[in-house]
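Everything below concerns the one structure shown next.
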């Protein structure tokens, strides 16, 4: 999979590389008021510990700007060297100019070309932000969004479209304007002297099919590393499915160097859900491994017992519980594949494909459960202690398979 990646320059955000041959980075964004130092620091730590490699926070006013250096200081005091991205709209040029310590504390600036102002002021504000980034050696993400397109650019492209022999739909022109907005800003930044190794590009929409078209165009027209994500994925299952549907085609084509899943969290749901989903998408596509994986069948009329479901749940829980210690002791354990299957139809075959797997008896089958490791029959379990015995075998397998080489 990694060999299919679209070639780009490498951009370092803090110590995290984006683009080139580097792993696709997982990002997230806080939803706390940045001016609230305690709450924002706590949420950045929570996101980072969940696996977010880069965290973005809004810098929308002077109080937020003043808070950024203290947030950074507290994170470092906790041993969290997580890169922080400042999200600027409307007044970013003013805040970066007035609060240099804030600018220094950030690891990347996000600039939306649609929220910089109008006319010549837009160009001046953009130029000032790029100059500050260059002076400090900071990378920039030019992040266009179809919800905040420059009206002048949209009007220009609508007028041009009206003169075509066969005009495109208004929706198609909006998507073209989104790409054009991002590309023009990217080219302007390069002309000002910002290096290719300091530029990341994004252009977000809220529909999966549209996102695929937009990013294929960005990949065709630029060499920049690309930040993928729907601008608003939505809540729950809908948001998860929409994000996976939008990102998977692009990632499988080698397009995309960092991702963020913009879920709307349900009341009381942790913000870290977006990190978990982003990791699951990358792992499902075989692009990264973050944690051991459990494969289990959905069940059917042959699996009248719920035991295989209970065992799959218990194995998943135990792997998650053991992962912090395993990571420290057994390099590569994130690659572990475990199968928990419910009957003889696919059970043995799926178990052989996993590192270690168990095929439980289905309805009418002999009450025994063969266990396979590395494609070979390891043992056959029987009786009441199958669950605990299988978990012990998994633990032993990890110690043997992933033990550091002497």
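Glycine residues also receive a Cβ, built from the backbone N, Cα and C atoms like all the rest.
Swiss-Prot has this to say about the protein:
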type    : residues           : note
BINDING : 297, 300, 343, 350 : [4Fe-4S] cluster binding site
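Other residues of the same chain near the [4Fe-4S] cluster site, with their Cβ within 8 Å of the Cβ centroid of 297, 300, 343, 350, are 298, 299, 302, 303, 308, 341, 342, 345, 346, 347, 362. Take the CB of residue 300 ([4Fe-4S] cluster binding site) and look out to 10 A: across all protein chains shown you find 12 other CB atoms. In the three-state DSSP classification, residue 350 ([4Fe-4S] cluster binding site) falls within a helix. In sequence order, 303, 308, 341, 342, 343, 346, 347, 350 constitute the residues six or more apart from residue 297 ([4Fe-4S] cluster binding site) in its chain with CB-CB distances below 8 Å. When secondary structure is read from DSSP and collapsed to three states, residue 300 ([4Fe-4S] cluster binding site) falls in the coil class. Just so you know, the Cβ of residue 343 ([4Fe-4S] cluster binding site) picks up 23 other Cβ atoms within 10 Å once every protein chain is counted.
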